[in-house]
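*Asks:* Can you keep this structure in mind? I'll have questions shortly.
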Number of protein chains: 4
Amino acid sequence: MRVGVLTGGGDCPGLNAVIRAIVRKGVQEYGYDFTGFRDGWRGPLEGVTVPLSIPVVRGILPRGGTILGSSRTNPFDAEYAGQGVRRIRDSLATYGIDSLITIGGEDTLGVAATLSDEYGIPCVGVPKTIDNDLSGTDYTFGFDTAVGIATEAIDRLHTTAESHMRVLVVEVMGRHAGWIALHSGLAGGANVILIPEQRFDTDQVCEWVTSRFRASYAPIVVVAEGAAPATGGMILKDDSRDSFGHVRLSGVGEWLAKEIERRTGKEARTTVLGHVQRGGTPSAFDRWLATRFGLHAIDAVHEGVSGVMVALRGTDIVRLPISEATARLKTVDPALYAEAGVFFG
Amino acid sequence: MRVGVLTGGGDCPGLNAVIRAIVRKGVQEYGYDFTGFRDGWRGPLEGVTVPLSIPVVRGILPRGGTILGSSRTNPFDAEYAGQGVRRIRDSLATYGIDSLITIGGEDTLGVAATLSDEYGIPCVGVPKTIDNDLSGTDYTFGFDTAVGIATEAIDRLHTTAESHMRVLVVEVMGRHAGWIALHSGLAGGANVILIPEQRFDTDQVCEWVTSRFRASYAPIVVVAEGAAPATGGMILKDDSRDSFGHVRLSGVGEWLAKEIERRTGKEARTTVLGHVQRGGTPSAFDRWLATRFGLHAIDAVHEGVSGVMVALRGTDIVRLPISEATARLKTVDPALYAEAGVFFG
Amino acid sequence: MRVGVLTGGGDCPGLNAVIRAIVRKGVQEYGYDFTGFRDGWRGPLEGVTVPLSIPVVRGILPRGGTILGSSRTNPFDAEYAGQGVRRIRDSLATYGIDSLITIGGEDTLGVAATLSDEYGIPCVGVPKTIDNDLSGTDYTFGFDTAVGIATEAIDRLHTTAESHMRVLVVEVMGRHAGWIALHSGLAGGANVILIPEQRFDTDQVCEWVTSRFRASYAPIVVVAEGAAPATGGMILKDDSRDSFGHVRLSGVGEWLAKEIERRTGKEARTTVLGHVQRGGTPSAFDRWLATRFGLHAIDAVHEGVSGVMVALRGTDIVRLPISEATARLKTVDPALYAEAGVFFG
Amino acid sequence: MRVGVLTGGGDCPGLNAVIRAIVRKGVQEYGYDFTGFRDGWRGPLEGVTVPLSIPVVRGILPRGGTILGSSRTNPFDAEYAGQGVRRIRDSLATYGIDSLITIGGEDTLGVAATLSDEYGIPCVGVPKTIDNDLSGTDYTFGFDTAVGIATEAIDRLHTTAESHMRVLVVEVMGRHAGWIALHSGLAGGANVILIPEQRFDTDQVCEWVTSRFRASYAPIVVVAEGAAPATGGMILKDDSRDSFGHVRLSGVGEWLAKEIERRTGKEARTTVLGHVQRGGTPSAFDRWLATRFGLHAIDAVHEGVSGVMVALRGTDIVRLPISEATARLKTVDPALYAEAGVFFG
């Protein structure tokens with residue numbers, strides 16, 4: 001029995017912990033052999049592999065990123081001209097792969113669901129999204145690490161905001177869902193939290209900012225990169241070009257800081273946390289979750305199931321159809337967001 | 001409406017976050033007044049109070065410990081000669097307290113349950129135990145922080161173990177339940193994890209240690225302070241006395257390191273993490289959980305319920321009778337412990 | 001004897017530690033009284049004070065920022081119409097201040113030097129610059145903290161760079177001096193380090209980037225915010241305006257990432273660390289240095305000297321004329337920068 | 001030209017950074033080949049080597065410990081029956097080593113000095129001691145990391161001490177010199193700091209403890225493992241044996257906590273930080289220092305010198321005779337210790 005493993009999509013702390021757990025249990029408990037495919041679906045599509053064994057996975061538990069590399073390659077893209085599935089099937093045959101464990105987000109898992117459900121290729125999924133926006137699982141690994149990093153940054157920004165009595169706008173990850181903003185904003189004691197799920201009223205934001213200053217404190221505004229104002233012409237990434245012809249990038253954080261300055265007359269600064277949120281060693285919680293996901297994924301392979309992914313429910317690891325988990329985005333519930341409102345202003 | 005708040009038992013990162021959330025929402029949303037009682041049940045018993053208002057709770061979110069102080073004082077102890085309940089009732093009357101929020105572990109909550117169920121004193125509970133051994137809630141705040149600190153220590157100990165090819169035994173908290181040992185051991189990549197729920201076989205431990213050395217790696221053994229060998233005369237805290245007449249303290253970590261040295265001939269060292277596990281700033285997860293517990297506790301007060309505590313189930317905060325939660329210890333399930341076994345040796 | 005204390009310029013981890021040490025020793029050892037002036041020179045100019053005593057400074061050692069507030073107000077600015085010195089003198093008389101301890105950078109200390117040397121107002125200086133670019137002292141507090149935060153970010157970015165085999169450009173603080181870039185770049189294992197002291201050759205940077213990829217690794221480029229290319233039209237902050245009329249901000253990091261993409265065809269991303277580098281709890285080194293600076297500053301006051309500042313030389317705290325220290329910027333020595341070159345590419 | 005490298009004595013964060021810098025510059029700039037010797041002097045004595053090249057040292061910069069292993073083996077020990085030097089000479093000949101870089105403390109460097117000065121074997125030294133007690137250098141790498149870890153622990157212990165109003169005694173490393181205790185005690189805001197250089201008066205310690213409680217704060221006592229009371233029968237490691245015949249270990253921290261309890265009636269707890277202080281990733285400062293030591297050590301080899309070691313003086317790396325640096329222990333100056341006294345009590 002030989003099992004293939006691949007990691008797709010954006011990298012995420014905990015990927016290596018999943019790989020290690022899969023290999024460790026697969027070899028020791030079930031006597032399996034393993035083949036790693038490089039860079040997500042590119043691996044089986046192009047036939048690029050990496051050896052995978054217990055010595056290879058030693059010491060990778062605390063390391064961020066993925067030893068298998070990652071990419072956003074999709075076998076159903078035009079690039080593969082309808083030959084994607086055939087190429088994957090050929091690769092699996094070439095390497096003698098009996099089952100494939102795919103670790104990834106919506107896209108990577110979506111492919112796995114199709115391969116399993118429509119083409120009968122045995123696939124087991126492990127959900128991965130730093131944004132925590134996959135349905136069916138309470139949390140995904142990487143999220144806790146990202147929230148921890150964002151919270152630590154907010155802690156640091158409080159003191160610099162207070163010393164100069166200025167507004168600090170912190171832009172965190174979250175294009176479609178505000179989980180990182182909500183959790184880190186609450187944990188960091190932010191005075192305003194803005195999420196993509198609910199368009200914000202810039203006047204209201206400015207009122208919260210002003211009210212905070214009235215109490216002689218300096219406000220911290222946490223904004224998810226995907227948040228947007230309810231009205232008005234925010235142009236996040238406009239088409240003005242600089243002297244080199246590069247398209248200019250300007251995120252909501254920068255935009256909002258300028259608006260706050262303009263409307264309140266208070267000095268405002270932006271910090272865009274960016275890629276530091278997704279790199280580096282996973283938190284203890286994420287290592288634990290990733291490890292358990294890996295152990296349960298190889299158990300699923302052992303039991304011969306396909307088209308399912310592992311998921312966290314409370315403290316249990318469960319299985320559910322991949323297609324169900326990828327059917328819709330898990331966004332922040334309005335009631336949950338409202339709960340945080342007591343800390344605004 | 002005036003609400004009393006107290007924190008009892010061992011301190012735990014997140015207590016201040018609970019207090020802040022209770023006061024913030026209680027004042028802003030419900031217009032309540034607050035009285036803090038000092039040092040757990042000692043506060044209402046002796047009539048020692050602390051002012052509690054929004055200005056008082058500003059800035060305490062990231063701070064460990066509890067601004068209310070804590071103690072293990074119990075109104076049903078002989079010390080109070082059966083007058084404990086009367087004294088509490090008098091204090092509540094004196095300070096005009098309509099409802100009491102008690103934040104604590106088994107003992108503190110047990111008292112609250114009795115006061116509510118048997119004496120009709122309105123009490124709402126917030127569960128607190130760094131050991132995570134309270135039934136009814138998936139997690140308690142403080143636990144994630146403790147696991148994070150223990151994991152970071154294990155990370156550090158790996159490199160020193162490898163450099164000298166010696167065994168490192170890490171004793172972590174957990175008198176009756178092995179949650180911290182299990183989570184930090186898994187997250188830290190320990191080679192042996194020993195928990196109170198299952199007596200260990202010292203020969204088996206030595207075999208795992210030896211097998212790790214055979215693979216040219218140095219073993220890390222994580223042992224909960226409450227773990228004990230299946231057979232043999234380990235005397236954790238014997239009655240030998242030193243030259244000053246002090247009772248000698250020797251924990252299972254120190255004992256085990258010596259046994260490993262004696263039996264395997266390999267050098268072994270012990271690190272007892274101790275109080276650093278329960279102090280300092282809470283992790284982002286714990287701040288989030290503690291804040292939500294606080295918000296839901298004051299909601300419960302607002303709805304006029306008593307004898308209930310808030311609890312985490314999945315990602316929801318629920319309510320359940322305190323008496324139910326304190327009826328039995330939540331220990332590590334044998335199946336969960338077995339899951340970790342693939343990493344031993 | 002009453003001593004005034006003020007903190008000026010950008011905030012910096014360690015300011016509170018200096019204040020605490022001054023007050024602690026001043027009160028306990030010398031029996032002095034203290035007056036804090038708010039927001040740098042604005043305090044004595046406008047007569048805004050803060051009480052300063054042992055109870056006030058308790059617990060501030062580990063806290064970033066400054067309890068006295070800060071500003072860039074300068075008594076010699078046109079705003080004060082030549083009345084700045086008189087106003088300061090009046091304030092000192094009003095509050096009965098015998099000597100003033102000024103904690104700040106080039107500007108703040110420059111004012112102190114002038115007040116002491118030209119107007120006979122007793123001033124002792126404590127050097128502060130997160131950029132470490134003040135002459136006369138081996139290090140200033142805050143710098144080690146900033147380097148530590150930048151290094152941790154670089155550590156995290158390595159794993160995300162490797163997983164996607166992309167370039168990561170990290171922009172760190174340092175407008176005129178490359179100390180933070182050099183130290184964090186070396187400590188973080190960066191593949192290119194660019195500093196303001198030496199204009200960079202973008203082609204050479206791209207060669208290093210390409211050579212790193214040839215070795216199958218992903219490059220990290222650390223660039224000080226003040227670094228600039230030797231040739232070519234980089235426009236750091238051009239005058240194009242967005243749809244709201246805001247001037248567009250674009251730093252060297254963003255510019256460089258785009259150039260690298262354009263020239264090498266490799267994907268590149270930028271992270272601008274920004275204000276997180278100057279906020280939050282000081283490192284142990286900075287707390288130690290700041291504490292010693294504070295102790296020695298109050299000693300200088302006690303000995304009746306003026307116009308001097310404390311400075312670190314090796315492991316000793318020495319005194320030197322403020323005017324000497326502020327005469328020129330301490331930049332990175334070319335030989336030291338060359339030393340790091342062996343790690344480029 | 002082939003250079004041998006070995007690391008001896010206790011492990012220390014930064015050893016790998018030194019090795020990497022040596023190899024990186026030696027290969028790239030000077031075209032040298034390298035041979036690693038395993039486990040300090042045991043390597044050349046027993047002819048045990050490790051390959052050492054640029055690929056081997058990639059990625060080791062942030063890793064604690066030493067990839068070469070370490071030991072306290074000494075060629076002049078009786079075990080080698082006077083044949084130690086001959087065996088080393090034979091090994092160097094066998095492997096074609098032209099010069100040896102020895103990274104270690106007093107013992108390792110002492111051997112290097114003798115080999116160079118008396119036997120004409122080319123040796124260059126790199127000083128290493130986590131305790132910072134080597135003369136001739138302002139700091140050694142590893143020390144800053146240890147101080148950082150101890151300071152973070154003290155930060156955490158403050159909150160748990162305050163919550164329960166109990167004394168916390170923290171035992172840190174430092175058998176003969178109190179540098180770690182002094183620096184971490186000052187940085188952590190300890191209320192008492194005890195060092196080996198000056199025997200302490202237990203009554204005085206108890207007075208400081210009591211005075212702290214009078215101010216309504218809980219005291220933290222930082223004690224170096226080598227500190228001892230001026231009078232009285234402290235028996236650090238007495239000869240009482242437990243039921244297994246193991247000698248009982250009891251350090252000064254545990255002893256002191258009991259004495260404080262006995263004399264002041266206040267509850268006291270001990271935390272012995274132990275091996276966590278010397279493991280794990282080095283601080284940015286230590287990576288910088290270790291890297292520079294490595295670069296300058298290979299420069300020294302290149303210039304053909306022997307019997308010297310590199311050292312930090314201010315911000316410069318200098319060279320000095322090894323024999324000079326190992327002649328005496330660098331202990332805490334009484335004046336420096338007195339400076340800290342203002343914070344006691």
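Backbone N, Cα and C define each Cβ position, glycine as well.
Just so you know, TrEMBL annotations never went through curation; they're auto-generated.
Below are the features I grabbed from TrEMBL:
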- C:2-301: domain 'Phosphofructokinase' (DOMAIN)
- C:Gly10: diphosphate binding site (BINDING)
- C:Glu106: Mg(2+) binding site (BINDING)
- C:Asp107: site 'Important for catalytic activity and substrate specificity' (SITE)
- C:Lys128: site 'Important for catalytic activity' (SITE)
- C:Thr129, C:Ile130, C:Asp131, C:Arg166, C:Met173, C:Gly174, C:Arg175, C:Glu225, C:Arg269, C:His275, C:Val276, C:Gln277, C:Arg278: substrate binding site (BINDING)
- C:Asp131: active site, proton acceptor (ACT_SITE)
*Asks:* Three-state secondary structure of C:Asp107 (site 'Important for catalytic activity and substrate specificity') from DSSP?
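*Replies:* Once the DSSP labels are grouped into three classes, C:Asp107 (site 'Important for catalytic activity and substrate specificity') ends up as helix.
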*Asks:* Excluding near sequence neighbours, so keeping only residues 6 or more apart in the same chain, what lies with its CB under 8 A of C:Gly10 (diphosphate binding site)?
*Replies:* C:Ser70, C:Gly105, C:Ile130, C:Arg278
*Asks:* Let me know the largest Cα to Cα distance in Å among the substrate-binding residues C:Thr129, C:Ile130, C:Asp131, C:Arg166, C:Met173, C:Gly174, C:Arg175, C:Glu225, C:Arg269, C:His275, C:Val276, C:Gln277, C:Arg278, as an integer.
*Replies:* 34
*Asks:* Looking only at the domain 'Phosphofructokinase' (C:2-301), what is the model's average confidence as pLDDT?
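*Replies:* Computed over the domain 'Phosphofructokinase' (C:2-301), the mean pLDDT is 93 on the 0 to 100 scale.
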*Asks:* Using Cβ atoms only, which of the recorded positions C:Asp107, C:Asp131, C:Arg175, C:Arg278 are under 8 Å from chain A?
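*Replies:* Of C:Asp107, C:Asp131, C:Arg175, C:Arg278, the entries that lie near chain A are C:Arg278.
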*Asks:* Taking the Cβ of C:Val276 (substrate binding site) as reference, which residues of that chain separated by at least 6 in sequence fall under 8 Å from it?
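*Replies:* Correct list: C:Ile149.
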*Asks:* Which residue among the recorded positions C:Lys128, C:Arg175, C:Arg269, C:Arg278 has the fewest other Cβ atoms within 10 Å of its Cβ, if you could check?
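*Replies:* Across C:Lys128, C:Arg175, C:Arg269, C:Arg278, these recorded positions, the one with fewest Cβ atoms within 10 Å is C:Arg175.
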*Asks:* Of C:Glu106, C:Asp107, C:Asp131, the recorded positions given in the record, which has the fewest other CB atoms within 10 A of its CB?
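*Replies:* Comparing Cβ neighbour counts within 10 Å for the recorded positions C:Glu106, C:Asp107, C:Asp131 gives C:Asp107.
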*Asks:* Are any of C:Met173, C:Arg175, C:Arg269 (the binding-site residues) within 10 Å of C:Lys128 (site 'Important for catalytic activity') when you go C-alpha to C-alpha, and if so which?
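*Replies:* Within 10 Å of C:Lys128 (site 'Important for catalytic activity'): none of them.
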*Asks:* What is the number of other Cβ atoms found within 10 Å of the Cβ of C:Met173 (substrate binding site)?
*Replies:* 26
*Asks:* Need the DSSP three-state call for C:Val276 (substrate binding site) to compare against my parser.
*Replies:* helix
